[in-house]
Amino acid sequence: MANIHVVLLLSPLLAFTFCCLTFAADPASLQDFCVADSNNQVKMNWLACKNPAWVQANDFSFSGLHNPGNTGNPFGSAVTPVTVAQIPGLNTLGISMVRIDYAPWGVVAPHYHPRATEILTVIEGSLEVGFVTSNPDNRLISKTLQKGDVFVFPIGLVHFQRNIGHMNVVAISGLSSQNPGVSTIANVVFGSKPDISTDILAKAFQVDKNIVQQIQWRF
């Protein structure tokens, strides 16, 4: 009899727990597609859907990924994105991709994607890649990739790439979000609007405030 009372008492708690677990992840799509309607001003986690009757093949396609990006910048790299902003048909599908071009010794500076895991394939050249695990270990996991090699950057972890050769490098990355987002560490820390207090950054990096200000001025 006591066991029955325990079950009766726990049943509402178990039901609530199951309910929370059920809705903890993004819901599965309930339709074939939801092409983003750029003219709809409604704000939601996903973009509003275009009327299916108005959808065309162009909503699911993008041209130009064969063209190299302009690497004539201080980083020596260029990213050509193919997200929901370029292909409206990616809306709600949870996937996107980018082409990355690297000049000799060009880098993609340390950054992370808040909403996506990234899987990178080297198309041409040699590429040094790596990511850093979270506190307290902060372990660097890195590898030199050659043409045809694949590497994964787990969601939310700081990672980077660098061309270590004398030839241009091309890579293609897939990302597990229609809008993965990107936070470049230097920009976030030293280029925030308004600035993070120099006192805070000086203590965080254990350097003089003048050094922090000099870096902030560059952003």
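Using N, Cα and C of the backbone, Cβ positions are placed for all residues, glycine too.
TrEMBL has this to say about the protein:
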BINDING   HIS111, HIS113, GLU118, HIS159  Mn(2+) binding site
BINDING   HIS113, GLU118  oxalate binding site
DISULFID  CYS34-CYS49  disulfide bond
DOMAIN    63-213  domain 'Cupin type-1'
SIGNAL    1-24  signal peptide
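The Cβ centroid of HIS111, HIS113, GLU118, HIS159 marks the Mn(2+) site; residues of that chain outside this set whose Cβ lies within 8 Å of it are TYR112, ALA116, PHE131, PHE153, LEU157, VAL158, PRO180, VAL182, given in sequence order. In sequence order, TRP46, LEU47, CYS49, ASN91, THR92 are the residues near CYS34 (disulfide bond), counting only same-chain partners six or more apart with C-beta under 8 A.
By a simple count of nearby Cβ atoms, those within 10 Å, the most crowded of the binding-site residues HIS111, HIS159 is HIS159. Comparing the recorded positions CYS49, HIS113, GLU118 on other C-beta atoms within 10 angstroms of each C-beta gives the minimum for CYS49.
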